[in-house]
Amino acid sequence: MVVFYVFHEVDSFSPNSDILWSNTKHNKTKYFGLISKWTDYYIGSVALHCRLLQVSGERSFSVDYKNDCFLKDGKPFQYISGSIHYSRIPRYYWKDRLLKMYMTGLNAIQVYVPWNFHEAVQGIYNFTGDRDLEHFLDLANQTGLLVILRPGPYICAEWEMGGLPAWLLQKPNIRLRSADTDYVQAVSNWLAVLLPKLKPWLYSNGGNIITVQVENEYGSYYACDYNYMRHLRTLFRFFLGEDTVLFTTDGNTDREMMCGTLEGLYATIDFGTDTNITDAFNRQRRFEPRGPLVNSEFYTGWLDHWGDQHAVVDAQKVSRVLGEMLTMGANVNMYMFEGGTNFGYWNGADHDSRFRSVVTSYDYDAPLSEAGDPTEKLLDIRDVIKQFRDVPSGPMPPATPKFAYGFVTLSKAGNISGLLNILSPPGPVKSQYPLTFEEIKQYYGYMLYQTTLPWDLSEPTPLISPMNGVHDRAYVSVNGAFQGLLERDTVLVMNISGQKGDTVDILVENMGRVNFGSKINDYKGLVSNLILGKDVLTDWKIYPLDIDGAITRGWPQSNSRQSFPAFWTESTVGPAFYSGTLQPNGLAWDTFLKLNEWTKGQVWINGVNLGRYWPARGPQQTLYVPGPLLSSTQPNNITVLELEKAPAHLRILFMDRPQLSGAAGKS
């Protein structure tokens, strides 16, 4: 078989990141990617076969309680599935990743729908570009993959606020994931938009969605509100029909299964490699006495928080346990099959004993790497699947090409306090006491809180967050001089000094809202007062910062001659922007950005927010840069927001391989 390598290259780009990763501004196609003529022929054949099947006979998918299995078109069916999140993968690469999953031997994929990804602003829905869910479903259908859909409304997924939109928190007493009137109304409005879009994609309607999950691991949430679950069941039945297989997924404990299951929703369970399989499925049987055995989340890896060691799950363990479950006739979904990336501000966080933010990479030690490359774990899984079903013949699509573009030296573009006319055009909101992100309607990213010193501080004086009210990190400067930081749960006091009337700037970073557990009502910003010495600081100017908007509009490259206030210096200490360009070399291949000796911050390339870096704390040391956002013919604009201290050399490095472990716990 001859495989033709076809590359698409972006030689002009739109500032809209949704469009960046899906196509070029002028819809020009050159040579990038790894798509073969054989692939296009094969996918066309699958689509034709599906249409013929639809014409020749009625399609159906159901639970056979008598014989403990699923029925597809009246015949026993066992799915072998893998999780993939379209929201964490550039649209351009969806087809590549789906084909690799199909060639591994999977016959289904499992997909979350993040509500906040589609309704970031209340009442404004976005299903275009990287958010085009129906296009993703269509690609899966063409590839020959069935879909297990998990539309929430809550999804967890280590995603910002578990997929719930932050604007829900404008209701200060809202009880999320419950029958709370405000919450239920918002959910009902959302599902009335989403579910009608999904109905044509149900298997019985000629699509590829075979089962639909209601809520997500609800048994792990404290509320245990059956009225809420009943309301969801009613909505799903109304919009999707009585014959659609609806299911729940819960953790491997009696309490979780008790609160997460409901009559009329098929109960499934989730567990990883260190669980006794027989015990776990016996627990499912106690709540679902007949029907197929289902592990809806079989963990192939695990997530990383900043400060963790990089999580690794042994490939042989994964393969062995997978084989044992399939031998029992169980239906298995591997979570994750490809993790992808928490671009922008989409990472979630956990809060058990303390707040812990999830890293930018969602590699998850999955069978397909963050960049979509097949791993040894994938090949081991494929060997197991071959024992249970026919695996497509032909070569596994290869890894996408990578390139080490080398060093780029940046220059300082300015301190945040000197750029407020660009970053916050409407100006500040004035308030006697601090307001939260949610009250200002700045849901993600950063806000600047500004006040003045009420008296001379000749000696270092404690600045205190007595109620642990910094959510999540606060970078403190006095008259432009960086003095230190406060951090949620860990650093509640720092000393500052200065003269009466000096400007105090407190840049607050939202590190991602809690996505799991009882603390998902996670308000951001200064959520309580700060105390200086013994007195409460008052008279605030609060600047919502539209950093992404400014960069999308061409800043800082378009404002290279911007004038700065008198106290602006070339110091690399404290929150500041740095910019530069990666010059074109004729290639637009995937690469990995390493910020050696930089401390913590955010990176944008060509207007796209790659996410957070924090090499000092680790474990993640590089950021994934998808090739389709680069230009092979035009300079590629790079903007870095460094929050603490940049290195004197101001260099960044583009490498041809990732580095996901190192330096954990150092800062």
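Every residue gets a Cβ built from N, Cα and C, even glycine.
The feature active site, proton donor is assigned by TrEMBL to E217. A simple way to gauge crowding: the CB of E217 (active site, proton donor) has 22 other CB atoms within 10 angstroms, across all the protein chains here.
Residues or ranges marked as active site, nucleophile in TrEMBL: E297. The number of other Cβ atoms within 10 Å of the Cβ belonging to E297 (active site, nucleophile), over all protein chains shown, comes to 24.
Residues annotated as domain 'Glycoside hydrolase 35 catalytic' in TrEMBL: 70-387.
Among the features that TrEMBL reports, domain 'Beta-galactosidase 1-like first all-beta' is placed at 434-546.
Here TrEMBL flags 575-632 as domain 'Beta-galactosidase galactose-binding'.
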Inset, instruction - Provide the three-state DSSP residue tally for the domain 'Beta-galactosidase 1-like first all-beta' (434-546): helix first, then strand, then coil. - result: 4 helix, 57 strand, 52 coil
Legend entry - Pairwise Cα distance for E217 (active site, proton donor)/E297 (active site, nucleophile) [Å, integer]: 10
